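J.: Take a look at the following structure, please.
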Amino acid sequence: MTNYPITYRLIKKEKHTGARLGEIITPHGTFPTPMFMPVGTQATVKTQSPEELKEIGSGIILSNTYHLWLRPGDELIARAGGLHKFMNWDQAILTDSGGFQVYSLADSRNITEEGVTFKNHLNGSKMFLSPEKAISIQNNLGSDIMMSFDECPQFYQPYDYVKKSIERTSRWAERGLKAHRRPHDQGLFGIVQGAGFEDLRRQSAADLVGMDFPGYSIGGLAVGESHAEMNAVLDFTTPLLPENKPRYLMGVGAPDSLIDGVIRGVDMFDCVLPTRIARNGTCMTSEGRLVVKNAKFAEDFTPLDHNCDCYTCQHYTRAYLRHLLKADETFGMRLTSYHNLYFLVNLMKQVRQAIMDDNLLEFRQDFLERYGYNSSSRNF
């Protein structure tokens, strides 16, 4: 049996769905699953300190290979002792491969078998990223969980294009495995692609499972498709992945999508959504989204969320938060970001309890009704 640096332990399956309760053991600690991972693109979760993230209960955070490669540079971070030491974070870190950022640069990139040529968004210089380079950068960063370099095709691209793309991504995954110099302390995940095509998802998963990665990511979702389309892809993709390894749905952070992903057997999620919307004054609460900058909250001296026990809700009012954000004060962004991250990490805690109690579907229904989703449009 292969000795992986990342291992998944299944604790319990929910009786009525594909949801599973477990934990993932990494070189920098163990965290429970299902789990939402805050995103620290530039080696920091925007406005939050490592101590605050630990208070929130984030046992793992995500950082971005592409951005750290460009600035300050992966070799500098290696000289600093690795990403954990550089950013003073002693728990687990996951790094993406840079593939999604390159996907986002559609107008300035060129994809070949060797890799991707694109323009540096900081200074316009020409850059080249290959599977080997993506692995080398992540080896220098020293993250606990790494991602294979992949192409993320658009969800509605033609079948023939997506087929060629997933076949190239499989070849890139094999090249990345061979280039990986730290398999003893960094777990490399394969990324299943295939847009909305079931047979291509099946082909991609079969290729990658055959390479025996310690975990698997589901990519190419949350890129413009509908909620129903995402659920349909998860319905036929997640069962293709090994039960004894972690499953990670990339780029998903809307509460309903988190719950529906868990129902389909996903263990890990990440998204910039909670911090991005928080900085603009949009807060997630147990009764739906609340835009605290709105004028009606100017004299509202109640907490953001009466059902939340986070630091922000225990100490500050909607009126004060509105004042800070209207005045462009960083402290306001810190407080709303803290709350939104706490909300999603705590939502996953509630989901784990619902799995333990075998009542996840009832929890989902109750949550959707309170949050304000039209549950009839969120069928699964």
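Glycine too: its Cβ is placed from the backbone N, Cα and C atoms.
Below are the features I grabbed from Swiss-Prot:
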| type | residues | note |
| --- | --- | --- |
| ACT_SITE | D96 | active site, proton acceptor |
| ACT_SITE | D270 | active site, nucleophile |
| BINDING | D96, S97, G98, G99, F100, D150, Q193, G220 | substrate binding site |
| BINDING | C308, C310, C313, H339 | Zn(2+) binding site |
| REGION | 251-257 | region 'RNA binding' |
| REGION | 275-279 | region 'RNA binding' |
J.: Could you pull out which residues elsewhere in the chain have a CB under 8 Å from any CB of the region 'RNA binding' (275-279), counting only those six or more residues past its ends?
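T.: Distal contacts: 38-39, 45-48, 289, 333, 336-337, 339-341.
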J.: Find the one among the recorded positions D96, D150, G220 whose C-alpha lies closest to that of H339 (Zn(2+) binding site).
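T.: For H339 (Zn(2+) binding site), the closest Cα among D96, D150, G220 is found at D96.
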J.: Compared by Cα position, which of the recorded positions D270, C308, C310 is the closest one to G220 (substrate binding site)?
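T.: Considering only the listed recorded positions, the nearest one is D270.
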J.: Here are the active-site residues: D96, D270. Which has the lowest count of other Cβ atoms within 10 Å?
T.: D270
J.: Any same-chain residues 6+ apart from G99 (substrate binding site) with CB under 8 Å of its CB? Would you list them in sequence order, or say none?
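T.: Non-local contacts for G99 (substrate binding site): A134, M147, F149, D150, E151, C152, I191, G219.
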J.: Work out the three-state DSSP category of D270 (active site, nucleophile).
T.: strand
J.: What does the DSSP secondary structure composition of the region 'RNA binding' (275-279) look like, as residue counts for helix, strand and coil?
T.: 5 helix, 0 strand, 0 coil
J.: Give me the long-range Cβ neighbours of G98 (substrate binding site): same chain, 6+ apart, Cβ under 8 Å, in sequence order.
T.: N64, T65, Y66, W69, L129, A134, I137, F149
J.: For C310 (Zn(2+) binding site), which of the recorded positions D96, S97, F100, Q193 has the nearest Cα in space?
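T.: Checking each of D96, S97, F100, Q193 against C310 (Zn(2+) binding site), the shortest Cα distance is to D96.
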J.: Given the recorded Zn(2+) site (C308, C310, C313, H339), which additional residues of the same chain have their Cβ within 8 Å of the Cβ centre, ordered by sequence?
T.: P303, L304, D305, D309, Y311, T312, Q314, Y338, Y342, F343
